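K.L.:
Quick one: this structure, given as structure tokens, is what I'll be asking you about.
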Amino acid sequence: MSPNFVTAVAVVLCLLGSATAYRQLMRTGKSGPGVVGNDCPRSTPWPCKSGQCLSFAFICDGRADCIDGYDEDKALCTAKDRPASIILKMFIQRFHYWLIPGVLGEGSPDTLSKLLTEERSVDDYAKKVNLTAEQRNKLVRTMEFARDGRVLDLILDGMPEDAYREAYALFGRIVDSGFLGSEGI
Ligand SMILES: [Ca+2]
């Protein structure tokens, strides 16, 4: 199991934990160390805010199963599919001379990593970072090359060789989460 995966799972568990705490608070009017767990059975351990219990398979599967649709909440599902922003931030810091502004645009590693984790699509990201059309296309191309394992094309495009493993894992995962829309297929 890769550290990235473990961190991502930890982030999702935190999000799920805060949803549980929220529901507990709504029901009992109190929270704190004495309040743990939820009333859902083991087979369907995830509590909707609206009170139903779901198995993990129903979270972010594209169909609303909670009455209020919280299992398909955009922020929840984007975070579930993306690398943790702390991992992205370390990657961007390490290779900033390649990535900023050449690939990701202008911004601090902190800001850019958060936007890459949270923005639904490359166009939303491009707007927030004020990318030109040319910069946006370069970002799309870099992510596609990384996802497809085209090392040589990435190097010809300016990638330092030792950035490849992380670029492949991190950008590949962002593309797989639907960041490029129909362009990423
Ligand atoms: Ca669902």
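Cβ coordinates come from backbone N, Cα and C, glycine included.
Curation plays no part in TrEMBL annotations; they are all automatic predictions.
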K.L.:
Of Cys40, Cys48, Cys53, which cysteine does TrEMBL list as the disulfide partner of Cys66?
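P.N.:
Within the candidate set Cys40, Cys48, Cys53, TrEMBL assigns the bond with Cys66 to Cys48.
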K.L.:
Other than its own, how many Cβ atoms are within 10 Å of the Cβ belonging to Cys48 (disulfide bond)?
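P.N.:
Cys48 (disulfide bond): 21 neighbouring Cβ atoms within 10 Å.
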K.L.:
Within 10 Å of the Cβ of Cys66 (disulfide bond), how many other Cβ atoms are there?
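P.N.:
There are 20 such Cβ atoms around Cys66 (disulfide bond).
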